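Quick notes on the structure that follows.
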Amino acid sequence: MNQNPIVLIGFMGVGKTSVGAFLAKKTKVNFCDTDKMITKTEGATPGEIFNKKGEPYFRRIESQILEQALKNNGVISTGGGIVEVKRNIHLLKKSKATIVYLYGDLPHIMHRLLRNTKRPIVERSTTRQLHDLWERRNQMYRAIADIVVDSTDKRNNVIAAEVNLGVALKNRKELTKKDIEDSSKILALEIEIERLNHKKQDIENQLSTQRFINVIKRGSKQHRR
C-alpha cells in the first residue's frame, strides 16, 4: 500500500491528532504531530510560544518541523495554521506526501473550540472572526489537498477507513484491484460497525428509559398502598 507520508491538514479542533494517531496505529506506521514536535523542541506549547515569542517566531519553527517530518514516512498531523505560510505550502506540494484535508462543518468545530479557550487564537478572537478564519482556511485547505474527508459526526475508525480508501484510489496505478477492493470492504465494514454501535446505544437508552419508567410506576403503586 502507500509508502509515502500521509499529511492531515484542517481547521483546529477537527481531530487531526486523534485521527492521525488512530490511523497510524491501524496501518502500523509512525505517527508525528507537528505541534507536539514543536513542544518537544522548544520546551513550550504552541500557545505558550504564541504568547511569549509571537506568531512569526512560531511559524518559523513550525516550517522547520514540517520539513523535518516530511523526510519520514508515516502519518503526520499538522497545526491548523500550517497553510498560512507560503513555504509550508511549497514544502507540502513538492513532497511525495498524500495531503488529506479533514473537513469539519463549522457548527461542530465552533462547539469544540468554545469549550477550549487554551488556544491563543480562540482566546483573542470573536465568534465572527473565527467564522471568517474558517471560511478563508477552508478554501486554502481545499486548494492543496489531494483528498478531502468529511469528519463531521464520525468516529476515528470510519474517518481512518475513508482516508485509507482515498489514498488507495489516489495511488490506484500502483495498486492491484484487490488492494482497492480490500480498502472498500474495510470502509464498508467500519461504517456497518458504526451503524451497529449507534443502534446498540439507542437500544441501551430505550432500556434505561423503560427501567426508569418501571421504577416510577412501582413507586407510585407503593405510595397508593
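Including glycine, each Cβ sits where the backbone N, Cα and C put it.
Please treat TrEMBL annotations as automatic predictions, because they have not gone through curation.
When Arg87, Arg119, Arg124, Arg128 are compared with the ATP site residues Gly13, Val14, Gly15, Lys16, Thr17, Ser18 in TrEMBL, the one appearing in that site is Arg119. When Cβ neighbours within 10 Å are tallied across all protein chains shown, the highest count among the binding-site residues Lys16, Arg59, Arg119, Arg137 belongs to Lys16.
Ranking the binding-site residues Thr17, Ser18 by the number of CB atoms within 10 A of their own CB puts Thr17 at the top. For Val14 (ATP binding site), the same-chain residues 6+ apart in sequence whose C-beta sits under 8 angstroms from its C-beta are Gly80, Leu102, Tyr103, Gly104, Ile109, Ser151. Summary of the ATP site environment: with the site residues Gly13, Val14, Gly15, Lys16, Thr17, Ser18, Arg119 set aside, the chain residues having Cβ atoms within 8 Å of the Cβ mean position are Gly10, Met12, Val19, Ser77, Gly80, Leu102, Arg112.
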